[in-house]
Amino acid sequence: MMYESTITAFIIIFILSVVGTMALDIVFRFLGKRGYLGNLFPNVRGGIPRAVGLVPFLILIFLMLPAYNNLVLIIGIFALIDDILGRKEIPFIGIEWGQLSRGIGILAVMITGLYMDLGWAAIFIALLVQPINISDMQPGSCCMVTIIMSILTVIAMLIVGTAPIEELPAIYTPLLILVTCLGYCPLDFSGKIMLGEVGNHSFAVALGIAFYLIGGFWWLILFFIITVCLTAFVRRSTLRIFLRQKLNIPNPTFGDYFMDVLTGGGLGDLIRRIILKNEQPIIDNDILIQLGFRRLLYNPYATHENVGLRKNKRVDLRRMN
């Protein structure tokens, strides 16, 4: 009886995700074409609604396990601010308002997780935002990663025999993520909508929680690494183009893809800027090249004559005609 009611509940969640996504798409297109949405309706191929990931975000915060849903709520709010503010730089600092909001959200998730006695796991749950955000640079890729990792989490829980949590089967959390994503993803795969930061950040933290629930910290670390590898594999073709054309890294290796997913984007560049200042280390060791150290130590702010000023923004393939 319990399993029948659980199946019914997931069917309802799937329908809510499908209908909610379609409805928000219609509303955003109506408002966006009239100029009311700003950054939430970028002018790409006639306009594509951004932050339709509000639907998965709302489903997750209301239906995830108590207390854990607060982590999704926190990151989702700051991610939505990121979506709304867009890529406007803060004067004299060199970072974007959206990046600042995202960074505050990540720190808030870490602090809240520590308060919940998650220990070091809180840090890695928050940092999962990085690879999932990188995966969302082209239509459908973030959904693909989310779906695959949800399924792997369910399988791991069944193999390990994870005990029920809050009187619910352990697999409830990854199944909730899976069903929600399946309901949302058709329009995303077709390139008609965007998750936005609010969507991919919410999925990231929810997945991190699911990984932790398998069996604690080390399961989280293992699945964190698998997520980075999967994202690098899914995006290997576009990453190859990005690394060669935008970062001038010849013949990029899978290690370069891995490091780009793990450390790419504004936060990683800011850390490299602080550590490396305006220097660019030259990597010529074959082992380090295979491990991706060319990407890991790539400094977009280097002014070396062989490097030049390379402050390149990451390419979002959704914005390419």
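Quick reminder: no glycine exception, Cβ is built from N, Cα and C everywhere.
The following features are taken from TrEMBL:
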- 1-78: domain 'Cytochrome oxidase subunit II transmembrane region profile' (DOMAIN)
- 6-31: transmembrane segment (TRANSMEM)
- 52-81: transmembrane segment (TRANSMEM)
- 104-129: transmembrane segment (TRANSMEM)
- 141-165: transmembrane segment (TRANSMEM)
- 171-191: transmembrane segment (TRANSMEM)
- 203-234: transmembrane segment (TRANSMEM)
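Within its own chain, the transmembrane segment (203-234) has Cβ neighbours under 8 Å at 53, 56, 60, 64-65, 68, 71-72, 75, 109, 118-121, 124-129, 131-135, 141-142, 144-146, 148-150, 152-153, 156-157, 160, 162, 165, 170, 173-174, 176-177, 181, 195, 254, 257-258, 260-262, counting only residues six or more beyond its boundaries. Residues 67, 70-71, 74-75, 77-79, 82, 200-201, 204-205, 207-209, 211-212, 216-217, 220-221, 224, 227 of the same chain lie 6+ residues outside the transmembrane segment (104-129) yet bring a C-beta within less than 8 angstroms of a C-beta in it.
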